[in-house]
Amino acid sequence: MKILIKNVDVIYTADSNRSIIKNGYIIIQDNKIKEINDMDNLVYQSNDFDDVISGKGKMALPGLVNAHTHSAMTLLRGFADDMPLHKWLQEKIWPFEKTLIPEDIYWGAKLAILEMIKTGTTTFADMYFEMGQVAKVVEEGGLRAVLSQGLIEANDGEEGLNRALKFCLEWNNRADGRILTMLAPHAPYTCSPDFFRRVVDLSQEYNLGIHTHIAETKEEFQQIREKYDCTPLQYLEKTGALKRPVLAAHCIYITEEDMDLMAQKPIGVAYNPQSNMKLGSGIAPVTRMLSKGIKVGIGTDGTSSNNNLDLIEEARSGSFLQKVNDLDSTALPVDTVLKMLTVNGAKILGFDKLGVLKEGYLADIILIGLNESTFYYPHYNNLSNLFYAGSGNDVTTVIVNGRVIMKDREVLTINEEEVYYKIEEIARRKL
């Protein structure tokens with residue numbers, strides 16, 4: 001398949017030089033970007049391509065990467081709000097989740113993937129249960145994902161760990177390489193050191209990364225300190241986890257010493273600002289982490305604690321939160337935010353050649369309308385307008401792995417009406 005995107009008003013490549021191409025084109029050959037340049041250098045004719053997409057009045061970006069979510073938790077959107085994390089989990093979320101059947105997970109994930117496509121996310125990292133159902137939806141829906149079967153030691157134990165490993169081996173590199181897998185011990189407060197060490201051993205043996213929640217609340221920090229005489233991050237080091245690639249969600253309560261350690265280890269952080277605000281958890285020291293060379297991406301967490309999957313909105317909140325926390329208006333500028341949402345996210349999820357619009361890179365591309373919303377006028381700085389005024393609903397076209405999965409706001413891989421019907425059917429059954 002050969003696709004031409006032509007006459008693009010502005011292309012933000014997100015490369016290391018922060019290159020911008022005005023009135024440009026992108027040629028996609030199979031699943032990779034073959035050529036990217038300004039229109040004056042285009043030597044091909046439209047009939048040389050299987051599909052030609054007009055980029056007039058559009059901005060092109062690399063597809064966005066959601067570094068941490070729980071996709072099927074769309075089923076719990078609006079179910080339990082305005083509660084602290086541990087009470088929220090123990091009294092509302094975990095009891096509800098015990099009632100879910102595999103088919104529920106399938107439809108919850110399908111609603112999430114529909115929402116992600118419609119708001120410009122092309123890759124996401126997911127931790128939940130019944131992940132085989134989520135993998136099926138990813139395969140059908142066309143997105144790229146890193147999937148992990150969440151493990152809580154008291155519920156899962158060795159049997160659950162074996163199931164998680166089986167899932168990882170069955171689905172890793174499936175769907176034309178769009179699916180990767182990780183092992184996922186939920187958190188230090190739900191998994192003992194011995195359990196974490198067992199996960200680390202399997203991670204090493206089968207070359208799998210580790211996805212976990214770390215230092216999300218002050219309560220967790222104090223609990224781990226009292227029980228193990230270390231910080232949650234040091235807990236990972238003591239169990240050997242930091243010898244392996246780790247995707248660490250939250251990292252709010254970390255010390256300077258923790259960050260110095262992280263800078264030397266293969267750990268990436270998923271910053272989830274809206275969930276952290278909504279649950280009253282705290283503010284991750286993102287600018288400090290970035291200054292030390294730690295790779296940080298942006299996640300939404302689940303929709304029950306956010307309550308949407310719009311990464312543009314998430315990025316705006318995340319930028320503003322760092323500015324006010326640091327009392328510094330220059331904290332997390334839009335160029336940094338774009339890097340976090342694209343190439344940083346891709347790297348910490350384990351994808352090479354992703355997150356940059358560059359020849360030879362995977363063709364995950366989104367187009368954003370510049371003339372259909374008041375938010376983009378005047379056109380002084382379209383990237384600034386997107387992150388500080390726009391939303392994911394401004395995305396018009398989504399391409400993943402060289403395949404168009406949304407065109408002119410129409411999702412081509414999922415029946416929207418069927419998804420809405422099934423979700424309402426599940427909700428009625430739960431009431």
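Each residue, glycine too, has its Cβ placed from N, Cα and C.
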Listed alongside H68, H70, H213 for Zn(2+) in Swiss-Prot, from D301, D310, D326, is D301
E97 (substrate binding site), DSSP three-state class -> helix
For H213 (Zn(2+) binding site), the nonlocal same-chain Cβ neighbours (under 8 Å, six or more residues apart) come out as H186, A187, A248, A249, H250
Per DSSP (helix/strand/coil reduction), E216 (substrate binding site) sits in coil
Rounded Cα distance, in Å, between E216 (substrate binding site) and H68 (Zn(2+) binding site) is 13
Simplified to three states, DSSP reports H68 (Zn(2+) binding site) as strand
DSSP output for H186 (substrate binding site) maps to coil
If you count the other CB atoms within 10 A of the CB of E216 (substrate binding site), including all protein chains displayed, you should get 26
